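> Mind looking over this structure? Questions follow.
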Amino acid sequence: MTLLRNRLWLVTLTALIALFVVNWILQPNLVTPNVLKSNLTVFLPIVLVAIGQTYVVLGGDIDLSVGSVVALVNVVTVSVIAALGGGPGGVMLGMGAGLLTGALCGMVNGLLISGLRFQPIVTTFATGIIFGGLALLVLPTAGLPVPAEYWRTYGGYALGLPVVLWIFIGALIAIAIISRRAFFKHLSAAGGQRTAAFQTGLKVGQIRIMAYVLCGLFAAVAALCLTGETASGDPLMGRMLALSSISAVVLGGTALSGGSGSAFGSVLGALVLGMIGNVIFFAGLPFDYQTLIQGLITLLALAGGVLVSRR
Amino acid sequence: MSPVLEARNITKRFGAVTALSDGSLTVEPGEIHALLGANGCGKSTLSKVIAGTVAPNSGVLRFNGSDIAPRSPRDAEALGIALFYQELSLVPQLSVADNIFLGHERRTAAGFIDAKQLRHDTEALLQRFAGVAGDGFSADAPVSTLAPDQRQIVEILKVLARKPRLIIFDESTAALDRRQVEVFFDILRSLKADGVSSIFISHRMDEIFAICDRITVMRNGVTVTTLTTAETDRDTVVHAMVGELAVPQRFARNSAVAAEPRLVVSQLSSRRLDSVSFDARPGEILGLGGLQGQGQSAVLRSLFGAEPLTDGSVVLDGKTLTLRKPADAIRAGLAYVSGDRGRDAAFHGRSIFENIAAASLVKERRRLVWPNQLKQRFIDAAAALNTKYDGLDAPIGSLSGGNQQKIFISRWLATNSQVLLFDDPTKGIDLAAKADFFTLARGLADQGASIIFYASEDSELLSLCDRILVFNSGAIAAELTGDTLTAFHLTNAAYGKAA
């Protein structure tokens, strides 16, 4: 038990390997470059959103608005690209506008919660509705395709490896960097024991806002990836992402009460959620079971966390 | 040499309460200076003003010769003033090393945490307590796995790692054993040799005489005197703390205390209690005294089943009680009245009727309630205390603090409890209501109830109690009766037994 405390992600890793083996048995062509690549393409958005969610949860907060942030970023990006005529410069500006939108959404959440001391759950529930409403204003119906270069690049290869793999590697490097910054310790302190962090002289307010901004940025990157996959705008995109990302964070061993956990664990958690979907599909079970089973496994992970932390 | 710290005529009011009316303190470089006084004398408020956690209303604060006005712990720390926090400054989820250097992490050129340096610095600090810190105390251990004394050592090291010029140690030895205190004193002496000054607050008088150069005594928000330790003695210091107080008016007892104890408590032990034994008789008001947080509340809450006990037995009227939860205590006939009404007693927004009924419903195991059957009983209980209220249906929040407290006492009168546990019950109540409360408590005792009464104000204990148990570090340091029921004896015992 002592070995497992703070290493809950080891359990998740074991589960991931087990699921992978089962999947391989059910789907013999799993370990071929194309199948692995298409799997990664499907999992990447939830992986990215879960990473961002981890920082907010570590700080003792929660972000229920990420799904709507993804939708808003998507429609802003495709609208800006379309408005600028779809050239390479327009695409870059559109992606920039999307990232900025994500960061701003995070900033709004952070300011409301950390600055005005609103309740995180209720606030992000409300801002989620607002961001979703804004997305509908920007693009009332699905459509507005992005230029072919956008999705071809996203689905293609660079330096011999799939672009989606590069993005995944990039995300892993980003979380490795963040976890070695003092910010990460300060964030854990702010989430673990807020009064202690304050009395130690940490700028708790700024730290929590920063976590929300990071969450918004990762959600924006996820939206750009989804845009590469769907190749068009959709104001209702990513509706399930907020709750799945929280499931992934829990599966990855991060405590919902804040203070302990890792973004790497959440990556594993997100992959486990994705693999569950695969296994259900290839085992021939009706797809309707997927949500039910993901929910049960999240509950199991929560129970496991409670059991391990109880002495 | 000019003093490192000079605080003059500091005042601080919290609402209508004046916590500090004339706080003054002068600390020389390299001095270990004790700050002493009874509960509520203002020593904590003065330390918080110096450390920047509380802003004063007026007064002068000078540090190294220049005026300062720290507005946050961060400001004070930047000046070189650090406050040791009794608790709450550690993050349980982080490791010992991360906690000690939180906010002061050494970074590499690229801005990453220098893990190697962090470990090295931490181990150098831990080295000082090597051999006395116990098992499982390492740089990587999460603070959540540490014992209380180990956490206190981490707190001490965390303060030291900030390399301050002035440190306020507020009860920094409370959880340490003798050997650990010795190591801590060695550290204080080496700080002193380096010219670092310390303000030392402790509930153990022996420690103050062992380590401090001078002693500043406070009373009722005013600095009374500063004494040189080598030229004074314990009695002089205690007299300064107590002052020439008029003997508080005593509430005369109108009936004899029974000889046979009703409640016999033996060897109570828990996280905060160290083998506490006493008994309480019918008709008696037994006081629990001493400095705040020495185990008085813990005894009452444990007796009420609200805090776990690791050992000990409680016998009421010859029957041994099992107290796992408050319902056990209620059914056995114990009642608990807390000064923290908002946390422990009030059902906010609910009617007076419901607030009185709570205990009766538990005691009588009622599942369905016909209010009319209970109403008269509650009206009688509230009337017995002269409670002013509009009607049983009015919300509890419509009453003043004093009348609310009467309702919570009525709650227990309605259950006919014979052992009343009063946990600083007059907190935040105006003077008139306090006087009512004393009359009421005395009246209940005269009718045969046993009252165990903890008050943070010494004068309340002295005017009301037949007997006072003085607590220090979770144990009973002294029992005061008859001639020893004086402020001098109470304060003297509160600072530990005379060596």
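Positions of Cβ are set from backbone N, Cα and C atoms, glycine also.
Just so you know, TrEMBL annotations never went through curation; they're auto-generated.
These came from TrEMBL, pasted as-is:
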TRANSMEM  A:7-26  transmembrane segment
TRANSMEM  A:38-58  transmembrane segment
TRANSMEM  A:65-85  transmembrane segment
TRANSMEM  A:91-114  transmembrane segment
TRANSMEM  A:121-142  transmembrane segment
TRANSMEM  A:154-178  transmembrane segment
TRANSMEM  A:209-230  transmembrane segment
TRANSMEM  A:236-256  transmembrane segment
TRANSMEM  A:263-285  transmembrane segment
TRANSMEM  A:291-309  transmembrane segment
> Quick one: find which recorded stretch in A:91-114, A:154-178, A:209-230, A:236-256 has the most Cβ pairs under 8 Å with the transmembrane segment (A:263-285).
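Comparing A:91-114, A:154-178, A:209-230, A:236-256 against the transmembrane segment (A:263-285), the winner is A:236-256.
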> With the transmembrane segment (A:91-114) as the reference, which stretch in A:7-26, A:65-85, A:209-230, A:291-309 has the largest tally of C-beta pairs below 8 Å?
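Answer, by Cβ pair count: A:209-230.
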> Using Cβ atoms and a strict cutoff of less than 8 Å, what residues sit near the transmembrane segment (A:236-256) while being 6 or more residues removed from its termini?
6-9, 11-12, 45-47, 49-50, 52-54, 57-58, 62-68, 70-71, 74, 128, 132, 135, 142, 219, 222-223, 226, 230, 262-270, 272-273, 294-295, 297-298, 301-302, 305, 309
> Thinking of Cβ pairs under 8 Å, which stretch from A:7-26, A:65-85, A:154-178, A:209-230, A:291-309 has the most of them with the transmembrane segment (A:121-142)?
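Against the transmembrane segment (A:121-142), the leading stretch is A:65-85.
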> So what's near the transmembrane segment (A:209-230) in sequence-distant terms, Cβ-Cβ under 8 Å and 6+ beyond its ends?
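Answer is 41, 44-46, 48-49, 51-53, 55-56, 58-59, 61, 63, 66, 69-74, 77-78, 95, 98-99, 101-107, 109-111, 113-115, 146, 150-151, 153-155, 164, 167, 171, 178, 183, 187, 237-238, 241.
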> Would you kindly list the residues that approach the transmembrane segment (A:291-309) from elsewhere in its chain, counting only those six or more residues past its ends and only Cβ-Cβ distances under 8 Å?
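Distal contacts: 1, 4-5, 8, 11-12, 244, 247, 250-251, 253, 255-256, 269, 272-273, 276-277, 280.
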